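This report concerns only the one structure given below.
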Amino acid sequence: MATFNYTGTSHSLFILLGIPGLEDQHTWISLPFFISYLVALFGNSILILVIITERSLHEPMYLFLCMLAVADLILSTTTVPKALAIFWFHAGAISLDGCVTQIFFIHATFIAESGILLSMAFDRYVAICDPLHDSTVLSHMAIIRIGLAVVLRSFCVILPDVFLVKRLPFCRSNVLPHTYCEHMAVAKFACADIRVNVWYGLSVLLSTVVLDALLILVSYSLILYAVFRLPSRGARQKALGTCGSHLGVISMFYLPGIFTIITQRFGHRVPLHTHILLANVCMLAPPMLNPIIYGIKTRQIRERVLSTLASQWKLC
């Protein structure tokens with residue numbers, strides 16, 4: 001086993017490059033980042049406001065959607081403003097503490113979103129497979145407990161990442177070819193053994209996001225089995241319609257991440273800037289598209305949003 005006896009100075013400041021190899025295109029690249037962030041801020045804020053103020057939407061599916069919108073706001077606000085500062089002002093400097101804080105919020109929020117999507121899948125399972133007990137199984141108190149469990153799980157599994165990164169000495173380059181700090185991207189610049197970081201990161205991924213995805217797959221397999229056993233074609237279409245928006249959100253969350261992981265592991269000839277752009281798609285796409293998908297697919301939300309915007313327009 002390799003040993004490291006580093007006694008020199010460790011970097012306490014890092015420089016985020018943005019999209020390496022495309023520095024001269026940063027101004028143009030910033031446009032989709034900026035537009036996506038505005039859409040995410042506006043869409044998710046409206047979604048939260050509508051669900052909180054409209055009592056008819058105080059149902060499990062919409063309350064979980066409200067949690068997802070909060071997580072989307074945190075995820076996009078943790079990453080996009082810093083990326084825009086890099087693109088517009090070349091302000092890539094970030095302290096080690098700032099970098100670790102960004103790592104914590106990005107990974108914790110990502111795992112929280114995965115847990116919320118699993119909770120939403122469970123809600124759809126109960127609503128379709130056991131509708132008579134929907135209100136008792138997923139009462140308001142049960143939803144609060146699920147939300148607290150999702151937050152607590154994220155906090156507990158990601159907090160060790162903070163200490164695993166903080167313990168590392170950084171004596172190599174302090175220039176990070178990225179738009180944000182990511183655990184393993186930062187750990188690779190350490191002049192120490194990072195196998196603990198690697199194995200812990202892998203175990204967290206498998207025990208949270210991968211496990212959630214498998215449970216969601218099982219849940220929807222049971223849902224589809226129950227749906228196609230319904231005697232009425234109209235009932236089948238209605239049941240599938242209620243799941244359509246959720247399946248769209250799940251696809252937007254998991255598919256870019258899976259594609260990014262496959263590209264990182266097997267796409268050795270893929271340019272570095274492609275890896276970074278794909279990683280940013282994972283941060284940009286879900287917060288931007290989730291409110292759009294639910295706004296279009298869910299009649300109650302669409303009507304309430306249009307009503308709210310119309311009333312605000314009249315006031316102006």
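Cβ coordinates come from backbone N, Cα and C, glycine included.
Residues or ranges marked as domain 'G-protein coupled receptors family 1 profile' by TrEMBL: 43-294. Annotation source TrEMBL lists transmembrane segment at 28-50, 62-91, 103-122, 142-160, 204-227, 239-262, 274-296.
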Item checked: Mean per-residue pLDDT computed across the domain 'G-protein coupled receptors family 1 profile' (43-294) -> 89
Check: Which range out of 28-50, 204-227, 239-262 gives the transmembrane segment (103-122) the most CB pairs under 8 Å?
Finding: 204-227
